[in-house]
Amino acid sequence: MDTEAGGDDATTDQNAMFNSNTDSMNIGSSSSSSAAAPASSNRYENQKRRDWNTFGQYLRNHRPPLSLSRCSGAHVLEFLRYLDQFGKTKVHIQICPFFGHANPPAPCPCPLRQAWGSLDALIGRLRAAFEEHGGKPEANPFGARAVRLFLREVREFQAKSRGISYEKKKRNKNKPQQQETSTSSSPQFSLPPPDAI
């Protein structure tokens with residue numbers, strides 16, 4: 001293994017260890033916006049790989065064991081319901097006195113579930129991973145109609161249960177200009193001059 005001029009063995013070992021990571025991340029130091037993209041992309045790819053492995057383990061542990069080619073939208077729904085036991089989001093049932101309250105004043109025995117946003121992101125990653133592993137888009141169980149309907153029902157129920165709207169917020173392009181004008185203008189209420197008191 002050739003060493004770099006002026007480098008020692010520790011530097012060479014570090015370079016060799018990180019070589020595979022940095023090959024795909026050749027970034028110029030002149031652009032700070034492009035520096036953030038590979039890091040988040042890498043994080044996304046790592047999460048997608050972990051999700052794919054978790055789903056694969058679920059299929060292997062399924063009774064009877066299930067191959068990916070025989071997996072359907074119903075199996076994806078089973079997987080999502082299985083994941084609910086590990087959820088951390090309080091979802092109030094309809095008879096709970098805190099149903100519809102965003103910030104309940106006291107604890108309640110309602111179950112913890114996976115948040116809709118987490119499930120939606122998970123399905124998006126698994127849908128992409130399926131096609132990356134050779135699956136045909138038209139046979140993708142993660143894009144099945146039943147899965148889309150399930151996610152919509154979860155979103156609507158959690159929105160009602162938790163008193164939170166999942167509607168997309170519209171970006172106001174004029175908002176920064178309004179802030180600048182409001183900070184540069186004089187306040188609406190001013191104190192009277194000291195000699196008037």
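A Cβ is built for glycine as well, from the same backbone N, Cα and C atoms used for every other residue.
Automatic prediction, not curation, is the source of TrEMBL annotations.
The compositional bias 'Acidic residues' annotation in TrEMBL covers 1-11. The compositional bias 'Polar residues' feature in TrEMBL is assigned to 14-28. The compositional bias 'Low complexity' annotation in TrEMBL covers 29-41, 175-189. Feature annotation from TrEMBL assigns domain 'ALOG' to 43-170. If you look up TrEMBL, you'll see 1-47, 162-197 marked as region 'Disordered'.
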- Query: Using DSSP, how many residues of the domain 'ALOG' (43-170) fall into helix, strand and coil, respectively?
  - Reply: 77 helix, 4 strand, 47 coil
- Rounded mean pLDDT within the domain 'ALOG' (43-170) lands at 91
